[in-house]
């Protein structure tokens, strides 16, 4: 190639292809695995697990996995790494599920295009597909993430169910997420359950008063007392976070917290706090919740990502790649 022609090619990429390299973009894998549709492979595996394996709650599992991954050192799939001191071993992550589904997706992709698709991207794509299967709306997922090689339980510092609204806003702001983003992402609680131990104090000893949280509706209080007895030496029961449609991704979670039916303290408080209650009101009356929820998920997927030249693409989502041995330490 002549020097003038090479210069033209370089200028073309600088001027017209600014999103081709070095950042996330929709369709990152298009044309990189022959005729294989990477996102289609992911979708097929998720649908198989949903319909054939009858795992109807994978949306809740993957929404939680993505949040727990992205809020600890960014969206780098570090939550997937095995190890005695890995993020999986941190107390908040003990109940995270969905690892075998991610393994199945990775295996299917490696069979088609070895070493191409990162585990971090698999989490984002699979979560979107699971949301759609649970009644949510399709949203385009940006891809191009790389996988991290560090996973430490000591790095896990996730917001507690009792966090205040103001502290939660600060925590999300540290991840470049707005108050509205925070509220929409908490809307992920439209699916899934919580264990009684996470909210039992709201039933029997709220703020050490010896009584229930006064913001809880009488109906919910009776429900939770029945499901979560004061003394239970054996079982830590679960209760749906969305008391109306716990298996569907919709805005009923927001409708219910407006009625005092928020199961977790933070869920109830975003409907009452001056900093967020107007956002909740708008969501309750907004027919386009699905689109805005998807937009918030896309923003979550941008948190502290590793991109071109950083991290690696793991061969197994559970292990970092083996580094090549260099004899004598020479390059």
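Every residue gets a Cβ built from N, Cα and C, even glycine.
As recorded in TrEMBL:
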- 1-22: signal peptide (SIGNAL)
- 23-321: domain 'Plant heme peroxidase family profile' (DOMAIN)
- 64: site 'Transition state stabilizer' (SITE)
- 68: active site, proton acceptor (ACT_SITE)
- 69, 72, 74, 76, 78, 87: Ca(2+) 1 binding site (BINDING)
- 189: heme b binding site (BINDING)
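The closest partner of residue 64 (site 'Transition state stabilizer') among the binding-site residues, by CA position, is 189; the full candidate set was 72, 74, 76, 87, 189. Within the model, the domain 'Plant heme peroxidase family profile' (23-321) carries an average pLDDT of 96.
Measuring Cα to Cα from residue 68 (active site, proton acceptor), the binding-site residues that fall within 10 Å are 74, out of 74, 76, 189. What surrounds the Ca(2+) 1 site, by Cβ distance within 8 Å of the Cβ centroid and not counting 69, 72, 74, 76, 78, 87, is the set 68, 70, 71, 73, 75, 77, 79, 148, 151, 155 from the same chain. A straight line from the CA of residue 69 (Ca(2+) 1 binding site) to the CA of residue 189 (heme b binding site) spans 17 Å. Remark: residue 189 (heme b binding site) has 241, 242, 253, 263, 264, 267 as non-local neighbours, by Cβ distance under 8 Å and separation of at least 6 in sequence. Using a 10 Å radius centred on the Cβ of residue 76 (Ca(2+) 1 binding site) and all shown protein chains, the other Cβ atoms total 29. For the binding-site residues 69, 87, the greatest number of Cβ atoms within 10 Å around a candidate Cβ is found at 69.
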